[in-house]
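A.B. asks: Below are the structure tokens for one structure; questions will follow.
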Amino acid sequence: MRIASWNVNSVGARLPKLVDWLGTAEPDVLCLQELKCAEDAFPYDEIGALGYEVAAHGTGRWNGVAVLSKVGIEDVRRGLLDEPGFLADGAMFEAVEPRAIGATCGGVRVWSVYVPNGRDITHAHYAYKLRWLDALRATAAEELAELPFAVLGDFNIAPTDADVWDIAEFAGCTHVTEEERKALTALGEIGLAEVLPRALKYDVPFTYWDYRALRFPNNQGMRIDLAYGNERFTAAVTDAYVDRNARKGKGTSDHAPVVVDLDLP
DNA sequence: ATGTCAGACAACGTCTGA
């Protein structure tokens, strides 16, 4: 079974690239992040024509996650256990955002997650990010005993200093702090381990390169799209890689897909 | 060079977020 994850930065804008990629990579299950569309505006027909069922969780302009599957979708769960919301500038109330969706696909329990960015360590969005990660841990802890189980998505955290092109550039920034990395360690403490992908080129399998400043041609990237699985999941992994080819050229996402191959009993 | 995208909006340019 092939399970992948991709932050597409708008499923509408990315539809031609997404259709192409599904045709060549042929994942059985694909976790999407940053749909940037409402649930009912998802391109179900185009994706369904390729043989995928879809479970989407989205409200419009920001965020949005989905699971696509050729091997069935059951027990869909939208949102985390006690998921915190965010009080946006000028908003009257805190809003829970569409950042997590879980589903059982072909006997594997899969979560597609889009962890809050954090913006700046002094910003309320950063505290929100840490609270959100705590809710993710609690939700995973509740579910991971059954079935092969995995959480895949855009974590907006580089697990080690080597996972950014130049750690000196990130002094005092989000994505590389001790607190954020502790949240990843906490996933380990409940029984999840990271599936480490191989790079198709260069040493580090970066998954994200800013559109600006020629970051991709200069390979100034970050490895922030991650996959964590329980023992039953990780023991079945036969290969994992980042498909940086999907980041090449015009009209691409700023993220590349992470692909995990499994040989499940 | 805060350098590029994407989406929404009383809207063909400016804003927010990444």
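One is the number of the first residue shown, and numbering goes on along the chain from there.
Note that Cβ sites are derived from N, Cα and C of the backbone, with glycine treated the same way.
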A.B. asks: For the Mg(2+) site that TrEMBL assigns to A:Glu34, A:Asp154, A:Asn156, A:Asp254, A:His255, which of the candidates A:Asn7, A:Asn230, A:Asn245 is also assigned?
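C.D. replies: My reading of TrEMBL gives A:Asn7 as the candidate in that site.
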A.B. asks: Name them in sequence order: residues not among A:Asn7, A:Glu34, A:Asp154, A:Asn156, A:Asp254, A:His255 whose Cβ is within 8 Å of the mean position of the Cβ atoms defining the Mg(2+) site.
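C.D. replies: Here the nearby residues are A:Asn9, A:Gln33, A:Tyr114, A:Thr207, A:Tyr208, A:Ile224, A:Asp225, A:Ser253.
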A.B. asks: Could you measure between A:Tyr114 (active site) and A:His255 (Mg(2+) binding site) for me? Cα positions, answer in whole angstrom.
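C.D. replies: The separation of the Cα atoms works out to 12 Å.
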A.B. asks: Please report the Cα separation of A:Glu34 (Mg(2+) binding site) and A:Asp225 (site 'Important for catalytic activity') in Å, rounded to an integer.
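C.D. replies: The Cα atom of A:Glu34 (Mg(2+) binding site) is 12 Å away from the Cα atom of A:Asp225 (site 'Important for catalytic activity').
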A.B. asks: Take the C-alpha atoms of A:Asp225 (site 'Important for catalytic activity') and A:His255 (Mg(2+) binding site) and report the distance between them in angstrom, rounded.
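C.D. replies: Distance between the two Cα atoms comes out at 8 Å.
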